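Engineer: I grabbed these lines from Swiss-Prot:
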type	residues	note
BINDING	12-18, 40-42, ARG304, 330-332, 412-414	GTP binding site
BINDING	ASP13, GLY40	Mg(2+) binding site
BINDING	ASP13, GLU14, GLY15, LYS16, ASN38, ALA39, GLY40, HIS41, THR128, ARG142, GLN223, THR238, ARG302	IMP binding site
ACT_SITE	ASP13	active site, proton acceptor
ACT_SITE	HIS41	active site, proton donor
BINDING	THR298, THR299, THR300, GLY301, ARG302, PRO303, ARG304	substrate binding site
Amino acid sequence: MANVIVVGAQWGDEGKGKITDLLSVSADVVVRYQGGINAGHTVCVGEQTFKLHLIPSGILYPETCCVIASGTVVDPKVLLEEIRHLEELGISTKNLFIAETAHVTMPYHRLIDIAEEERRGKNRIGTTGRGIGPTYADKSGRTGFRVLDLMQPEGFREKLEWIVPLKNVLLERLYNLPPLAVDQVAEQYLAYAEQLRPYVIDASLLIDQAVRTHRNILFEGAQGTLLDLDHGTYPYVTSSNPVAGGACVGAGVGPTIIDRVIGVAKAYTTRVGEGPFPTELRDEVGRHLGERGAEFGTTTGRPRRCGWFDAVIGRYAVRINGLDCLAITKLDVLDELESIKVCVAYHCPSKTVEEFPSDANLFGRCEPVYETLPGWKEPTGHCRTLEELPPKARDYLEFLAHQMKTPIALVSVGANREQTIIVEDPIHGPKRGLLGHNGD
């Protein structure tokens, strides 16, 4: 048995969907433990491309149980659209379950999210405008709705009658927006509730039963370490905890059941939205990475900012998550480059540092210290073993493993499921050096 967490080691969009899909073949249960529809996972199987937002990537395996856990926030309208879309493609959702204690994104959450971002002006954060932050804010403020509230029509309407007027004060007086009608919200959400009812369960109990019966459980995070509310580049972060520790809280399990933590990182770095990004490239190389890597957000369609691999934030992700091994994705995007840079430290205003600074203002003034490696100038998309990779591509991976002080278990060389090099079984293999890294 192995219970594994898959976590993003950068600013999200690392390719966790593909890695989770790949690992789901040996998982009995896949659990999405935090976030909402602000995340997007793209999985390519043969000629089909699946873009998922809230439903775990394991849904593509008919016998795998998929859980949307308590730590997530659920937009009923979008979730139902996602379910319908999968079923139209012939993908069954009979093994999909939604935690009754997950919080619900309401219409006013979206309105407030968009209006507040506009009000911030030049201080905007870069939110997706999907209402995620306001939903988590109401959760913390104890004024939120949970999925189980939707299942109780009388109590739901009663709560709406005192919450909606409060939100209308904000909408009308602060944001100059029209008020919401209680009747309209109630009718809309109670209709959603009836459609979602067959999926709603006590998710923590289901997960506990899976643990007790020695099932393989895969915990799937959204976003990435540097977007974590507590450990990311605050305030340019999400409103939940994508780090490995968030899996235990979001899923309702104890840390002692976790066997492995796998970090996913691109062979370069991307970021969506605002915030410091030391290795960002605003030149032809940056444009090449964006075009070759199809760097557009699955959820928003916004172009991602692109830059060189940052080993400083990588080491930070290793430390914060306790990573056992890494999956490096999109190596093939670098195939045509003459030379490739890796950030190994930062020049801060007064000194050179090799560790990530917590202060976003200081981080914004850091300049990258690079080491330059030769490119390999040949395609890698056909490679299925390390030996088939160009020697300089292997050298690059060795360098990343050494800088991160963490072994690499998987290498992705294309979007499709089969375009993956399995260096060593990331779930059942021994925790030892891969690609020559020995922990020194």
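In case you wondered, yes, glycine gets a Cβ from its N, Cα and C as well.
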Engineer: Which has the fewest other Cβ atoms within 10 Å: GLY15, GLY40, the binding-site residues listed?
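Structural biologist: Relative to the other binding-site residues in GLY15, GLY40, GLY40 has the fewest Cβ atoms within 10 Å.
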Engineer: If you count Cβ atoms within 10 Å of each one, which of the binding-site residues ARG302, ARG304 comes out on top?
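Structural biologist: Of ARG302, ARG304, the one with the most crowded Cβ is ARG304.
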Engineer: Fewest other CB within 10 angstroms, which one of the binding-site residues GLY12, GLY301, PRO303?
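Structural biologist: Among the binding-site residues GLY12, GLY301, PRO303, the lowest count of other Cβ atoms within 10 Å belongs to GLY301.
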Engineer: Sort the binding-site residues ASN38, GLN223, GLY301, PRO303 by C-alpha distance from GLY12 (GTP binding site) and give me just the closest.
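Structural biologist: Closest candidate to GLY12 (GTP binding site), judged by Cα separation, is GLN223.
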Engineer: Spatially, which candidate from the binding-site residues GLY15, LYS18, GLY301, ARG304 is nearest to ASN38 (IMP binding site), comparing Cα atoms?
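Structural biologist: Result for ASN38 (IMP binding site): the nearest of the binding-site residues is GLY301.
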Engineer: Among all protein chains shown, how many Cβ atoms are found within 10 Å of the Cβ of LEU331 (GTP binding site), not counting that one?
Structural biologist: 25
Engineer: Rounded to the nearest angstrom, how far is the Cα of ARG304 (substrate binding site) from the Cα of ASP13 (Mg(2+) binding site)?
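Structural biologist: Here the two Cα atoms are 9 Å apart.
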Engineer: Provide, as an integer number of angstrom, the distance between the C-alpha atoms of THR42 (GTP binding site) and GLY301 (substrate binding site).
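Structural biologist: Their Cα atoms are separated by 13 Å.
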Engineer: Which binding-site residues from the set LYS18, GLY40, PRO303, LEU331 come within 10 angstroms of GLN223 (IMP binding site), judged by C-alpha positions?
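Structural biologist: So the list reads GLY40.
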Engineer: Among all chains shown, work out which of the binding-site residues THR42, THR128, GLN223 has the most CB atoms within 10 A of its CB.
Structural biologist: GLN223
Engineer: Around ASN38 (IMP binding site), how many other CB atoms lie within 10 A of its CB?
Structural biologist: 29
